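Below you'll find the structure, written out as structure tokens, and then a few comments.
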Amino acid sequence: MMYKILCLSLLVAAVARDQVDVKDCANHEIKKVLVPGCHGSEPCIIHRGKPFQLEAVFEANQNTKTAKIEIKASIDGLEVDVPGIDPNACHYMKCPLVKGQQYDIKYTWNVPKIAPKSENVVVTVKVMGDDGVLACAIATHAKIRD
């Protein structure tokens with residue numbers, strides 16, 4: 001019995017290990033956000049000059065032929081558009097999207113080497129459809145380091 005409990009505990013820990021706590025900034029379409037190396041509400045370290053991976057599962061709130069990614073970062077209170085983003089979300093998931101269906105988007109981009117170091121970073125990621133916001137998440141526990 002103890003072996004089964006241990007196995008179940010390890011399985012749950014493995015599944016949840018990269019899940020990040022985020023605030024929904026739309027209508028609760030976000031089901032989960034995964035970032036390798038980031039856990040729950042612990043600070044997520046973003047490394048300058050390195051790839052950053054993000055995976056989100058969301059439920060489409062509209063039928064849409066296209067989808068666009070918008071990523072903004074508030075660094076020590078100054079909000080900026082994140083440079084180097086490929087805005088075409090259809091490159092990272094199958095389009096068109098159907099209202100009520102769940103989608104998994106996996107996105108990787110290189111963090112610019114010139115990004116300022118900061119211990120106070122808030123990242124907002126939006127996926128936009130033909131009729132507005134499909135999904136939106138805010139990660140408040142991020143830091144930019146070398």
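We number each residue from 1, going along the chain as drawn.
Here the Cβ of each residue, glycine as well, is placed from N, Cα and C on the backbone.
Quick caveat, the model's predicted, so the values are computed rather than measured.
Here the candidates are C7, C25, and Swiss-Prot names C25 as the disulfide partner of C136. The disulfide bond recorded by Swiss-Prot for C90 reaches one of C44, C95; that cysteine is C95.
The C-beta environment of C25 (disulfide bond), restricted to residues of the same chain at least 6 apart in sequence and closer than 8 Å, consists of T124, K126, C136, A137, I138. The disulfide-bonded residues listed here are C38, C90; among them, C38 has the most other Cβ atoms within 10 Å of its own Cβ.
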